Each structure stands twice: as structure tokens, then as C-alpha cells.
Amino acid sequence: MAQFINLFMVFILLSFAPLCSFCYNTNVGYLYPQFYDRSCPRALEIIKSIVAKAVAKEARMAASLLRLHFHDCFVKGCDASILLDSTGTIISEKRSNPNRNSARGFEVIDEIKSALEKECPHTVSCADIMTLAARDSTVLTGGPSWEVPLGRRDSRGASLSGSNQNIPAPNNTFQTILTKFKLKGLDIVDLVALSGSHTIGNARCISFRQRIYNQTGNGQPDYTLDQSYAAQLRTRCPKSGGDQNLFFLDFFSPTKFDNNYFKNLLSFKGILNSDEVLVTKNQISLELVKKYAENNELFFEQFAKSMIKMGNISPLTGSRGEIRKNCRKINT
């Protein structure tokens, strides 16, 4: 009889094995791509449609939505805390140094949430919307696609201090950036691959001014930056003023998701210090940059893996958190 029960249990486990192969154990619950298949079957279609409309209207929006997801996950996990506005009890992460005057795309998330609340009320989380929007933005600009594990719930709070401390900054050292990644369960491979998202989007003058004028306090530009490129940047990024002037992160193909970002780094034309240190401060990261510069397919493959891994940072699942009705405020 015991043998029969054991065989029966093995049969049951094998029967469900195909389903679990698409599940991702996040230590606090499972995420899986089919999460909304029954509760909101058109969810992914609706999100993709609105993101496509937004990117068609403004190409820069793809990078903005991708960055929004990154800045959310690195604070309290992928829980949509970055979307919350300040209230009497919440200090918004939008006020932090990495996000103030630069985080954007909130209106697109609002539009998606509004459409989904009409389609299937109180079902799809803002955290999952952001994760899917980041994937769709990547695909729309020519990048790789991947199945997004779903089932995240939304936080009921934000962390201004976490946003200030945990998000890698443009002027951080290589070791500081790597440490911030490791604290989130990511490694050096993820760091280099995810940095490749800078193949699209813009940087503000204020984020790299020090590099082109006074990198080490001696009144000289960063010697690891191509000097003719530095001179070109100075024409629109003055020593004072023009803080919000925008520059393409990848000057070669600024709106196309590809591996030219890595080729630029090898030519010492990475606009941010946090980009260029990948080739100047660590041999392992340098070798990865070379591999991705040579092989676009390899970069795409690893980028997709690393995005899934990042999207699984400390999600709220089960009964933790909530499904917000409005992404900018907690339910009352």
C-alpha cells in the first residue's frame, strides 16, 4: 500500500512538472507567466498596446519605462513603491536624488492601470504593469523578448532613504555599483548585461558634467573619456547651467536596442562614469563588455535572463501588499 502511495505521489509531481518549470520561486511565493490567464486574459495585450502608443508618440519613453522598473526594484523590491505620491504618512521616492526631475513615464502607467481597471477591476497589480511595460519597451525598440513571471502585489509604503542609497549613481565607483547589485542578489554578469539598457535613452548634463571638466579635482576632464567626444559634449553641457540638457547615452543608435552601447565603451565613449568603469576598473566586466560588443545575440540572451532575475527581487505575493486601484496611492 505504501509503495502504491509513493508511486501515486510521483505521478502527481510529474503531472505538474511542466507547470512548475515556468514558475519562479522568490522565497516568498511563486511568480508565473500565466498568472492572469483566467482573471484578466487581455491584460498583456492591453499593456502592450498602450506602451506601443506611448513609444510611437515619444521614442524616449521606452527607456523611461525601463528605467522606472529598475529604480523600483532596487529600493524595496519590485513592488511599485516608486509610483506612490507623497501623503501625510508617505514620503514619495519621486523626491529622491536618482528620481527627482528625471524619473518619468508615470502617466503611461496611469493610463494602463485605468484601462485594466475597466477590463478587470482590482486584479492586475501596478508592480506587474511596470514589469511588463519594461519588457514591452525593450521589444518595441528592437531588443529581446522574454516571458515575464507575474503575480507581484503592490506595496503600501515607499522608502525615500532606500531610493537615495540603493540605486547606483552615475558617479559611483565600480565597486560601489557592484556592491549595490550584489545586495539585491545580482552579480557582475547581471551588472554588465543590465547596463546595456543604456543603448537607449538619455543622460542629463548634470549627471556627467564632472567627467568633462573636473573629474579628479585638477580641472581636467576624465582621461578615460575620448577627448574629442568630451569636447563635443562640452558644446552643450556648460560648466554651469544647462543641468537638464539631454544627451543620447548611445550616440550611434540612440533609439535602437542593440549592442552598440558596448562598442562605444570600448572606444571610450561611454557618457556616464558608471558606464565607462565597466571597461576601466575590472577585468571580468571588461571581458563581458567585449563579448557583448562582438555578439549581439549573446547580449540579448543574457539581458533577458538578467531582467527576469531583477524582476524577481523581493516581490510581494499571496496576501502581502495589495492590488492598488490607483497606482499613485494606497487603497483606503
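In case you wondered, yes, glycine gets a Cβ from its N, Cα and C as well.
If you look up TrEMBL, you'll see 1-22 marked as signal peptide.
Sequence-distant neighbours of C40 (disulfide bond) (same chain, 6+ apart, CB under 8 A from its CB) are L116, E119, C120, T123, V124. Among the features that TrEMBL reports, disulfide bond is placed at C40-C120 (among others).
Positions annotated as site 'Transition state stabilizer' by TrEMBL: R67.
Under the heading active site, proton acceptor, TrEMBL lists H71. Note: H71 (active site, proton acceptor) has non-local neighbours I82, E93, P98, N99, A103, S163, I167, i.e. same-chain residues 6+ apart with C-beta under 8 A of its own C-beta.
Residue environment of V75 (Ca(2+) 1 binding site) contains 28 other Cβ atoms, counted within 10 Å of its Cβ in all protein chains. The Ca(2+) 1 binding site feature in TrEMBL is assigned to D72, V75, G77, D79, S81, E93.
Neighbours of C78 (disulfide bond), defined as other CB atoms within 10 A of its CB across all chains, total 29. Positions annotated as disulfide bond by TrEMBL: C73-C78 (among others).
Residue density at C126 (disulfide bond): 30 other Cβ atoms are found within 10 A of its Cβ, drawing on all protein chains shown. What TrEMBL lists as disulfide bond is C126-C327 (among others).
What TrEMBL records for P168 is substrate binding site.
Sequence annotations record features per position, and here TrEMBL assigns heme b binding site to H198. With a cut-off of 8 Å between CB atoms and residues at least 6 apart in sequence, the same chain places L249, D250, Y261, L272, D275 near H198 (heme b binding site), listed in sequence order.
Positions annotated as Ca(2+) 2 binding site by TrEMBL: T199, D250, D258.
Its own atom aside, the Cβ of C205 (disulfide bond) has 19 Cβ atoms within 10 angstroms in the protein chains shown. The annotation disulfide bond is assigned in TrEMBL to C205-C237 (among others).
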Disulfide-bonded residues compared (C73, C237, C327) - the one with the fewest other Cβ atoms within 10 Å: C327
Residue from D72, P168, T199, D258 whose C-alpha is spatially nearest that of C78 (disulfide bond), among the binding-site residues: D72
Shortest C-alpha distance to D258 (Ca(2+) 2 binding site) - which of the recorded positions V75, G77, C205, C237: C205
8 Å Cβ shell about T199, D250, D258 centroid, Ca(2+) 2 site members excluded: G196, H198, I200, F252, S253, P254, K256, F257, N259, N260, Y261
Residue among the recorded positions S81, C120 whose Cβ has the most other Cβ atoms within 10 Å: S81
